[in-house]
Amino acid sequence: MTSLDFSTILPEVVLAGYALAALMAGAYLGKDRLARTLLWVTVAAFLVVAAMVGLGNHVDGAAFHGMFIDDGFSRFAKVVTLVAAAGVLAMSADYMQRRNMLRFEFPIIVALAVLGMMFMVSAGDLLTLYMGLELQSLALYVVAAMRRDSVRSSEAGLKYFVLGSLSSGLLLYGASLVYGFAGTTGFEGIISTIEAGHLSLGVLFGLVFMLVGLSFKVSAVPFHMWTPDVYEGSPTPVTAFFATAPKVAAMALIARLVFDAFGHVIGDWSQIVAALAVMSMFLGSIAGIGQTNIKRLMAYSSIAHMGFALVGLAAGTAIGVQNMLLYMTIYAVMNIGTFAFILSMERDGVPVTDLAALNRFAWTDPVKALAMLVLMFSLAGVPPTLGFFAKFGVLTAAVDAGMGWLAVLGVIASVIGAFYYLRIVYYMYFGGESEGMTSRMGAVQYLALMVPALAMLVGAISMFGVDSAAGRAAETLVGPVAAIEQPAEAAQAEPVQGE
């Protein structure tokens, strides 16, 4: 390892060093006595590493012979992932302490999961991709089953582990096919092989299997089966984490793989991604209608939103990737605010997740109800909230790429999905007489609700440079907008060239 390699992976080294030091400190200095302190130190560590990544004077480069890539795309995804993880940990502190759930291992395992996510988005090789993905997955299996005294939590962890192992096997099988037919595991080598005209059927099959394995991580249909049960059974802070940082990292990883390794066959993979997007948008929108548990409802919401993000990716253009990154950023912010509210829901000191508990909540706490209304409108894509512009961006990218049919289906799915978000608003403002709930929040949790709600309104006016940062990140991965051939045009041009 050279000094250049070390400087390239310095943020990851810092986070890994912190996680190991915290693990040793917790084991030797009194375990759960340090739990709350370790949680807040972990939040600080995430923010420090995010500052190192986002504010440092970086030069795009690679380490370990191209296995690890440091560029604008990876830095943007890392900052969003780190800040989202910090937000979830911070808003969960009071809740976990009140429920006697806070253990010193929790923030450390989350830190290790985030470390895996950082490697995922910087992967330049199939081996790095798998290493980062498994580091994240193994940590998430543990936190899903964190409540060992809860049958539902143990069940959630087991389901996630079994289906996660299956997806990892499919991913490995696809990677082995690509390696066998391309002769290399490096993304640069794979795309060079394809560019030289050696695109075999085996490589395409390998790509399909890898996309199947990665679709599990973003809960894309038909690989979403684990999501509702795991979201409902896991402790609510863990569900909040599942719904934010891992989704951002996994979507960024898919973008990294398809553009860096398979960027010359956009016409081949964009149709697969588009099919996943359509199925996810519609199943998430329709299946969520009949849900009565808000955590389970948010699981189907997550499935639908991943479908919309995949629309931007299916466009196969820099503007599509830019809007996908913006969509995932806005999605993470919306979910932090929504889960801050869900964490506060209780009746007689006991957490509740039943939608009926929201009946006439606006009458008892109008400020929090208004914040939740804004977040629900944004999740539904109602103008003028930021969620509307996020959906508009990815659908516009699809139209520009010659995939107008995909945009039309996206609009239909969005209209269907708006029902269950607006139903929550209906319960809060016009629900029937029933035993209600109280909303108990600490100061940090209150901020975690109010700041995202305010951002959904203010962001419609100005995103304070986040949109331009996403644009630069997309151009780093894909290239300038003008230099990108549209997938539909590429697919039509290929047969002509062969004649």
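Just so you know, glycine gets a Cβ as well, placed from its N, Cα and C.
Among the features that Swiss-Prot reports, transmembrane segment is placed at 9-29 (among others), with the record citing sequence analysis.
If you look up Swiss-Prot, you'll see 37-57 (among others) marked as transmembrane segment, on the strength of sequence analysis. Sequence-distant contacts of the transmembrane segment (37-57), counting only residues of its own chain at least 6 positions beyond either end whose CB sits under 8 Å from a CB of the stretch, comprise 10-11, 14-15, 18, 22, 25-26, 75, 78-79, 82-83, 85-86, 89-90, 93, 96, 102, 104, 106-108, 110-111, 114.
Annotation source Swiss-Prot lists transmembrane segment at 76-96 (among others).
Per Swiss-Prot, transmembrane segment is recorded for 104-124 (among others).
Feature annotation from Swiss-Prot assigns transmembrane segment to 126-146 (among others).
Per Swiss-Prot, transmembrane segment is recorded for 161-181 (among others).
Feature annotation from Swiss-Prot assigns transmembrane segment to 196-216 (among others).
The annotation transmembrane segment is assigned in Swiss-Prot to 235-255 (among others).
Among the features that Swiss-Prot reports, transmembrane segment is placed at 269-289 (among others). Cβ atoms under 8 Å from those of the transmembrane segment (269-289) belong to residues 207-208, 211, 215, 219-222, 224, 254, 258, 262, 297, 300-308, 310-311, 313-316, 401, 403, 406, 409-410, 413-414, 416-417, 419-420, 487, 491 of the same chain, restricted to positions at least 6 beyond its ends.
The transmembrane segment feature in Swiss-Prot is assigned to 301-321 (among others).
Taken from Swiss-Prot, the feature transmembrane segment covers 369-389 (among others), and the record attributes it to sequence analysis.
According to Swiss-Prot, the feature transmembrane segment maps to 402-422 (among others), an assignment based on sequence analysis.
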If you count Cβ pairs under 8 Å, which stretch among 76-96, 126-146, 301-321, 369-389, 402-422 touches the transmembrane segment (235-255) the most?
76-96
